[in-house]
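What follows is a set of notes on a single structure, which appears directly below.
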Amino acid sequence: MFRKIAVSAAALGLCISGASANEELLRLQRDPNQWVMPTGNYANHRYSELNQITRDNVAQLRPSWSFSTGVLRGHEGGPLVLGDMMYIHTPFPNKVFALDLKEPGKIVWRYEPSQDPSVIAVMCCDTVNRGVSYGDGKIILAQADAKVVALDAKTGKVAWSVTNGDPGKGETMTAAPMVFGDKVLVGISGGEFGVRGHVTAYNLKDGSMAWRAYSVGPDNEILFDPQKTTSLGKPVGPNSSLQSWEGDQWKIGGGTTWGWFSYDPELNLVYYGSGNPGTWNPAQRPGDNKWSMTIFARDATTGQAKWVYQMTPHDEWDYDGVNEMILSDINVRGRPVKALVHFDRNGFGYTLNRETGELLVAEKFDPVVNWATKVDMQTGRPEVVKEFSTRQGGEDTNTQNICPAALGTKDQQPAAFSPRTSHFYVPTNHVCMDYEPFRVSYTAGQPYVGATLSMFPPKGAQHMGNFIAWDASEGKILWSKPERFSVWSGALATAGDIVFYGTLEGYLKAVDVRDGKELFSYRTPSGIIGNVNTYTHNGKQYIAVLSGVGGWAGIGMAAGLQGDTEGLGAAGAYRSLANYTQLGGVLTVFALPN
Amino acid sequence: MLAAGAITLALGMATQQPAHAEDKPYQVQDGKVDRGTYNGYRRYGNACERCHGQDGAGSSFAPNLTESLKRLSHEQFMEVVINGRQNVTSSQQSVMPPFGQVEDVVLYIEDIYAYLKARSDGAIGPGRPQRMAN
């Protein structure tokens with residue numbers, strides 16, 4: 001089955017028998033003919049060297065084959081391709097299909113876990129899953145019921161299964177695992193249920209736990225060394241998390257880890273972000289609420305935190321910090337840097353030095369962002385605007401016209417980076433909100449939200465999303481292409497100097513990296529919240545994407561924008577997404593005509 | 001869970017059900033709503049909106065409650081909210097959680113009903129309703 005891989009390994013002169021999972025994946029993630037991890041490569045570039053499809057011929061792209069998953073709810077994530085096999089996954093019940101690329105769409109094996117449907121009730125925003133990972137001959141699935149399951153990549157047989165959390169307490173899983181070295185890293189979801197977030201590394205071989213690091217709590221549980229773990233270059237000191245909470249509140253302190261992971265094999269560091277602190281009512285949790293809303297760099301072997309940076313101390317808007325960390329070697333203001341670039345829910349695009357955690361750039365990637373004027377580059381803290389502070393507005397007060405909305409200027413839908421242009425291509429939301437915090441009580445397994453929101457497009461805007469190009473060196477938008485709805489699909493950049501993304505109406509689009517000019521669009525069967533990938537089979541380049549509308553976009557947009565409310569302006573401009581698309585998971589694979 | 005739900009339901013009905021079916025559970029004057037209906041709006045936002053969407057208008061996976069309440073009786077509404085309902089097949093995974101044990105819902109269930117009924121009757125529009133000055 002993996003004959004092709006073995007051949008290319010031999011060609012590269014690698015000794016496959018002695019190669020650890022680490023070496024195998026390090027090599028595979030560089031092979032543009034395959035798509036071996038959800039993020040494209042360890043650096044989360046979502047970029048491919050393939051260049052058969054270019055800005056000149058992309059208009060001729062046609063669907064080549066398609067496959068129905070038979071599941072209706074929101075399909076996030078995307079396919080993996082290893083040799084002649086493609087692996088796709090579904091939202092709850094988290095089916096996995098291994099498809100034969102030699103006979104497109106033929107099912108080699110399928111896996112369908114039996115999970116208690118009551119898990120569905122504790123999933124925040126639809127029952128999404130962001131994909132499976134490959135390593136050491138296994139496909140790793142993070143199930144909704146918080147079980148991590150390793151399946152034999154050839155047969156689909158369960159190799160091992162471990163329990164990573166308790167759905168009875170609202171702990172579920174939606175994020176894609178990441179395999180690095182001989183381990184697999186997983187997060188935990190449940191930010192709306194007071195879940196205390198953690199990341200856990202399991203040994204690929206047997207599923208035994210290697211290390212676990214919480215986002216909030218005592219130093220020995222968050223794996224901090226008060227002297228060696230730094231924030232903006234300074235040691236964090238003892239009890240850095242505990243001191244930022246009142247009493248025991250850290251125990252329901254959130255900081256869940258439902259986004260993407262990246263890995264720098266040379267620095268041996270893994271990177272990810274943590275989500276919102278406890279309830280959405282800030283008055284109920286005074287303090288900075290560390291280390292929620294934080295970028296973490298951890299030693300991949302031990303889990304010890306090397307550096308941290310909290311983007312939104314004492315969150316008042318639900319601006320989770322979980323979006324992907326893109327590791328790019330770029331010039332920042334004229335100086336070459338091993339950079340980490342991150343587009344946060346809070347509307348700031350951050351560039352940091354990924355070795356040291358030094359903050360280099362923090363600029364708005366949507367001009368309507370208004371909750372903070374800027375980020376103080378010395379302290380790293382946002383300068384919050386009183387008018388849009390839900391804490392200063394207080395409990396039971398409706399703070400109005402905050403931009404962005406809770407779903408952020410960008411949510412988990414990952415951006416792409418092209419090393420050819422050194423620029424980033426970012427799917428974004430263009431949505432604002434009113435936010436009224438109120439007191440809630442904590443009950444294990446019950447929502448712990450404590451705020452009422454309404455979301456709407458910015459005043460005077462005719463659209464709710466943009467697809468943008470970003471210069472992370474200066475923190476500047478290069479071009480911005482408006483979309484009717486939020487762009488909730490992960491992007492793909494290629495050496496053909498084009499970028500692909502999907503829209504909530506269901507269009508797969510390709511645009512020119514130079515100016516965002518639309519070169520191709522095709523309407524798939526349902527809205528796209530999945531991530532686009534590319535691979536070759538028998539020497540021919542294909543583009544693949546899952547459609548199947550849903551997710552938070554399905555809640556926030558499907559119905560909420562029908563009808564015209566006062567104050568939204570542009571009466572009639574926003575019609576329900578339901579008028580454009582219906583549910584249903586379908587994989588569509590595209591190719592140029594022969 | 002079921003038993004507890006039933007008890008709560010019985011209590012809720014004994015103390016709070018309107019005397020006459022035609023009585024509205026909400027009051028709206030000059031576009032402003034009573035405290036209970038307003039509280040219902042907020043509690044809806046906390047417990048229901050993540051599935052049933054903004055303004056009760058439904059999502060890609062849970063029904064539009066402004067439509068449902070044209071059909072459901074007060075009693076049917078209480079029954080489904082307290083005991084929940086599952087409709088799970090291989091292609092459909094529809095789960096309405098039981099709220100019989102959830103304080104923030106059970107205590108304010110009449111308020112949530114009033115808010116949704118007002119939305120369903122078209123007595124209030126989408127968005128945050130204005131509160132009457134006591």
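Cβ coordinates are placed from backbone N, Cα and C, and glycine is handled just like the others.
Nobody curates TrEMBL annotations by hand; they come from automatic prediction.
Pulled from TrEMBL:
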- A:35-362: domain 'Pyrrolo-quinoline quinone repeat' (DOMAIN)
- A:Glu76, A:Arg130, A:Thr174, A:Thr256: pyrroloquinoline quinone binding site (BINDING)
- A:Glu192, A:Asn276, A:Asp318: Ca(2+) binding site (BINDING)
- A:Asp318: active site, proton acceptor (ACT_SITE)
- A:488-543: domain 'Pyrrolo-quinoline quinone repeat' (DOMAIN)
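Figure note: comparing Cβ neighbours within 10 Å for the binding-site residues A:Glu76, A:Asp318, the maximum is reached by A:Glu76. All protein chains included, A:Asn276 (Ca(2+) binding site) registers 27 other Cβ atoms within 10 Å of its own Cβ. If you count neighbouring Cβ atoms within 10 Å for each of the binding-site residues A:Thr174, A:Glu192, A:Thr256, the highest count belongs to A:Thr256. Listed in sequence order, A:Pro38, A:Glu76, A:Gly77, A:Thr174, A:Ala175, A:Ala176, A:Trp260, A:Gln412 are the same-chain residues at least 6 apart in sequence whose CB falls under 8 Å from the CB of A:Arg130 (pyrroloquinoline quinone binding site).
The CA atom of A:Thr256 (pyrroloquinoline quinone binding site) is located 12 Å away from the CA atom of A:Asp318 (Ca(2+) binding site).
Candidate binding-site residues A:Arg130, A:Glu192, A:Thr256, A:Asp318 yield A:Glu192 as lying near chain B, with Cβ-Cβ distance under 8 angstroms. In the predicted model, residues of the domain 'Pyrrolo-quinoline quinone repeat' (A:35-362) average a pLDDT of 97.
Other than A:Glu192, A:Asn276, A:Asp318, the residues of this chain whose Cβ falls within 8 Å of the Cβ centroid of the Ca(2+) site are, in sequence order, A:Gly191, A:Gly254, A:Gly275, A:Trp280, A:Asp315, A:Asp320, A:Ala406, A:Val449. Spread of the pyrroloquinoline quinone binding residues is 18 Å (greatest Cα-Cα distance among A:Glu76, A:Arg130, A:Thr174, A:Thr256).
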